[in-house]
Structure formats: structure tokens, C-alpha cells
Amino acid sequence: MTRVFNFSPGPATLPEPVLRQAAEEMLDWHGSGMSVMEMSHRGKEFMSIHAETEDLLKELMGIPANYKVLFMQGGAIGENAIVPMNLIGATGKADYVLTGDWSKKSYKEAKTYGQVNVAATGEASKFTALPKQQEWKLDPGAAYVHICSNETIGGVQFHWTPDTGRVPLVADMSSDILSRPIDVAKYGLIYAGAQKNIGPSGLTIVIVREDLLGHALPVTPSAFNYKVQAEADSMYNTPPTYAIYIAGLVLKHVKKLGGMKAVAQHNEEKAAILYDFLDATAFYRNPIAKEDRSRMNVPFWLKDDALNDAFLKGAQERGMIQLKGHRSVGGMRASIYNAMPIEGVKALVQYMKEFERQHG
Ligand SMILES: *Cc1c(COP(=O)(O)O)cnc(C)c1O
């Protein structure tokens, strides 16, 4: 068996010990005589998996007692509608901060549900830098302020927590949740698709402060109503059971590694290897402002786009895949989530040097 170094932006690489354990438990989970996929979501076996996964997430992220953790479906793109449906009703207005493709998409979708304003945008820098907090024009009457903590395509990431006063901060953390410690109490709501740092696709995590529940617009489908789901312990409809199980295994693995601080340190180390190299060569280029660079997704461009195919082919031959940049921006992108080992990043830099020697 050969495992590749998979730089995919998502669904993404998972920790090998997790995959091994899932394989071992596939036919018979803990003597139950069935796989997790075959269990009733209301049976005691799955209920225990569900509870353990939720408890682990609360423990690892330090989620305060006045927050609900919801296991939903629909992905972050689904949440682009589900968030305003549930929250905007409090005042009818919301502020959005635009920092790249994903936050722009959130903003567009929200317009259907209320008065949505752009409080700040990184457009002037072509989204290579975050708009500074001083430039934000926040509306104190907004129901919430929306940000994307890590722009998966553009490669900018918040390394500070915006101050939105009494207005709840809402963050799409799809591509950097669990990558570093965060102070959950500074957010009103956090949402994330699981398929970057937590597990397989199909599971969407929502962490919401209890006092924000209860403002859903009448059009909100019950299955997407946070209050309904919170009261039903995320079992109003059948939750994505297998994805929750794998997420639980990933969380256990993360805990064993030492939790958020240890993971963050590992991620910083990996990102530094790549950025230090990019800064030391003229053959490759990363245009993002240094203080806003993502530690999860590192876009870079070769000196000459005509070399892209050769670069990707050589990478593939060396067992490094999914390095092609997003179709909207071109170039390359290395996604180096939690489960990407440091050896993968070192192998990539090694290859980039070699390619530069041949083509520079
Ligand atoms: C991947 C991603 C999404 C899209 O998630 P879906 O599961 O396809 O809905 C949204 N926002 C961010 C920041 C992402 O990285």
C-alpha cells in the first residue's frame, strides 16, 4: 500500500491512525456485530458515539456551557443561507466582511433574507490582505457580523479576533477550525463543514450561543432551525452518523497529540517551512500580506504559467497530489491541514527546489 501526500483543499487528508481504526471497526463496532453505518441513530451504541464526539469537541475547543454544539448537514454553503435564516430576524440587518471568494459567497446568499451590508472589504488589495479593523464600518443595529476566518481559495487568514462590540461575531471556520486555540466566547456562532480538518464531508458543525436561538424566519425549514435542532440534540432528522463517528476518531487523535496548542505549533512549523522557502526564491511567488497569510492553504505561482503542467506532473510522480490552484485564480495551492505531516511539506519544498533548478 502506498499513501500519497494529499494537498487537497477538501475533502482532505485524514490522519492514518484514524483510517486504520475505522477499517478495523468497519464490520463490527465494539462487539455490536454491526458497522457504525448500520446503527440506528437512536440506539445506545450510536448515542454514545454522538455524545462522546460532542464532549470531545467541547473539551478541545473549550466551548463554554452557554453554547450549543449542533451536528447538521448542508455544508458551509448551506450555512450561508441557514445562518441568516436563523439570526437576521433579530433586527433584520447583518454586516458582512469580504475577504475573498468564500465570504463574498456568504454575503450574496444572505441578501435573500434581510438587509445585508458590506462592513469592510479587502477588494482594494485584490483580497491579498485583510481589511484593517479601523476601516470597518460596523452597524450597531446589525443582528450579527459575518467573517470567514480562513479564505481557503485566496489564502488569507485572521490571526486576530475582530471586535464587534455587542453585535455577535459569526465565523465560517470551515478550513481552519481545530487548527489552533480560539476563544469561543468571542463568537456568537461558528460554523464549519467537516471535510477539511475534522472528518469526511456530510457533517456540518455549528457552535451557537444559546441566547441567539429563537429568531428564525418563518421560512426556515425545521431541519435547519437551530433551536429545533438544539432541543432535539441534533436528532430532529437523522444526523450524518458515519461522518460523526469519524469526526470523533479524529478528535480523539487530536487530543492524543496534545490538543489545540500542540496542533497549532505543528501547523505553524509546517507553514513556516513553506513560506520561508517561497520568500527566498524569485521562481515562486505568494502575494499575500505576511501578517495575513493562511497556515492552512498556501497559494503560490510559478514564474511562468507555461510550466504549471510539468510542475503538477512531476509532483504526481513523486506522490504529491492535488496541488493545482483553484480554477478561479490558477497557479498552485498547497493545503496543509492538521493531518498533513511535516514530511509532506518538506517533500514538497524539496521538489520545488529541484524543479526550480531544472527550469529556473
Ligand atoms: C470548503 C469551504 C466551503 C464550502 O463548503 P461546502 O461543504 O462545499 O458547503 C465554505 N467556506 C469555506 C471557508 C470553505 O473552506
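Note: Cβ is positioned from N, Cα and C throughout, glycine not excepted.
Features as listed in TrEMBL:
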DOMAIN    4-348  domain 'Aminotransferase class V'
BINDING   Arg42  L-glutamate binding site
BINDING   Trp102, Thr152, Asp172, Gln195, Asn237, Thr238  pyridoxal 5'-phosphate binding site
MOD_RES   Lys196  N6-(pyridoxal phosphate)lysine
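For ligand 1, the nearby binding-site residues are Thr152; that is, of Arg42, Thr152, Thr238, these have a C-beta under 6 Å from one of its atoms. Of all the Cβ atoms in the protein chains shown, 10 others lie within 10 Å of the Cβ of the residue listed as 'L-glutamate binding site'. In the three-state DSSP assignment, the secondary structure recorded for Asp172 (pyridoxal 5'-phosphate binding site) is strand.
Across the domain 'Aminotransferase class V' (4-348), the model assigns an average pLDDT of 98. Closest in space to Lys196 (N6-(pyridoxal phosphate)lysine), of the binding-site residues given as Trp102, Thr152, Asp172, Asn237, Thr238, is Thr152, taking the CA atom of each residue. For the binding-site residues listed here (Thr152, Thr238), the lowest count of other CB atoms within 10 A around the CB belongs to Thr238. One residue stands out among the binding-site residues Gln195, Asn237 for having the most other Cβ atoms within 10 Å of its Cβ: Gln195. Around Trp102 (pyridoxal 5'-phosphate binding site), the same-chain residues at least 6 positions away in sequence with a Cβ under 8 Å from its Cβ are Ala76, Cys148, Glu151, Thr152, Ile153, Asp172, Ser174. Here the binding residues for pyridoxal 5'-phosphate are Trp102, Thr152, Asp172, Gln195, Asn237, Thr238. Their largest Cα to Cα distance works out to 30 Å.
For Thr238 (pyridoxal 5'-phosphate binding site) paired with Arg42 (L-glutamate binding site), the C-alpha to C-alpha distance reads 9 Å. Residue pair Asn237 (pyridoxal 5'-phosphate binding site) / the residue listed as 'L-glutamate binding site' shows a Cα separation of 11 Å.
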